[in-house]
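A.B. asks: The structure is given below, and queries will be raised subsequently.
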Amino acid sequence: MASPSRRLQTKPVITCLKSVLLTYTFVFWVSGIVLLAVGIWGRVSLAVYFSLLDEKATNVPFVLVGAGTVVVLLGTFGCFATCRGSTWMLKLYAMLLSLIFLIVLVAAIVGFVFRHEIKTSFESNLELALKDYNVTADPHSEAVDTIQRTLHCCGVQNYSDWERTEYFSQRGIPRSCCKNQNDCSEQDLKDPNKARLKVFVNGCFFLVTSTMESKMSVVAGISFGIACFQLIGIILSCCLSRYITNNQYEMV
């Protein structure tokens, strides 16, 4: 049995660790809300671009939403485990944090490795969308129009890409490429020489990939930061569990 003075020295340490871990768990819980928000923001702000990507790439925002939900639930469990001072709950909390850390880390590495394949997929899908472009309510055609209006671009590499499409032979270059909608007639759009002065000449591929990379870097940075932040929780949970176990052992 340990001396009373030893136990008195241990209890303040446990109390301090509990306070720190509770603070961490609250911040961790808030980070889950942030992940949820980032996932929803990514789905909304990148929806147009995702519509021209393969189905696997479009799942990224849903993965973030799912991860945010898990983090919120895990943060709630961590708070309960800390307040109870249960050693097995704290160990389980640390194990779950380690598991999520590994999953997020692997996901980030996979995303980084396959980023060039995403670019290639987008370019081929954008070229296909131009080839099959029409003015009806086709999702890919709407995506092309939205991208061209928003980013002030035209075609894949440049505006002349439209000359090789069936739509150009019928209607010319789409009006979504026009710099000024009030000064852009169909006759002008059917003549490549006149259209050059009326439409955006730069292609959309480079602008879209740059925009996606800048926004996805924000998503990746926040996700990686939250993953690294989990290491603190793992260490705190293990330390608190150990001190509680030692304190219980010393009291025997």
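Cβ atoms here come from the backbone N, Cα and C positions, even for glycine.
Sharing the feature lines straight out of TrEMBL:
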TRANSMEM  21-42  transmembrane segment
TRANSMEM  62-80  transmembrane segment
TRANSMEM  92-114  transmembrane segment
DISULFID  Cys153-Cys184  disulfide bond
TRANSMEM  218-244  transmembrane segment
A.B. asks: Mind checking which of Cys153, Cys184 has the fewest other CB atoms within 10 A of its CB? They're the disulfide-bonded residues.
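C.D. replies: Per-residue Cβ counts within 10 Å for the disulfide-bonded residues Cys153, Cys184 bottom out at Cys184.
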A.B. asks: By Cβ distance under 8 Å, which residues at least 6 away from the ends of the transmembrane segment (21-42) in the same chain are close to it?
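C.D. replies: Those are 60-76, 78-79, 82-83, 215-216, 218-219, 222-223, 226, 229-230, 232-233, 236-237, 240, in sequence order.
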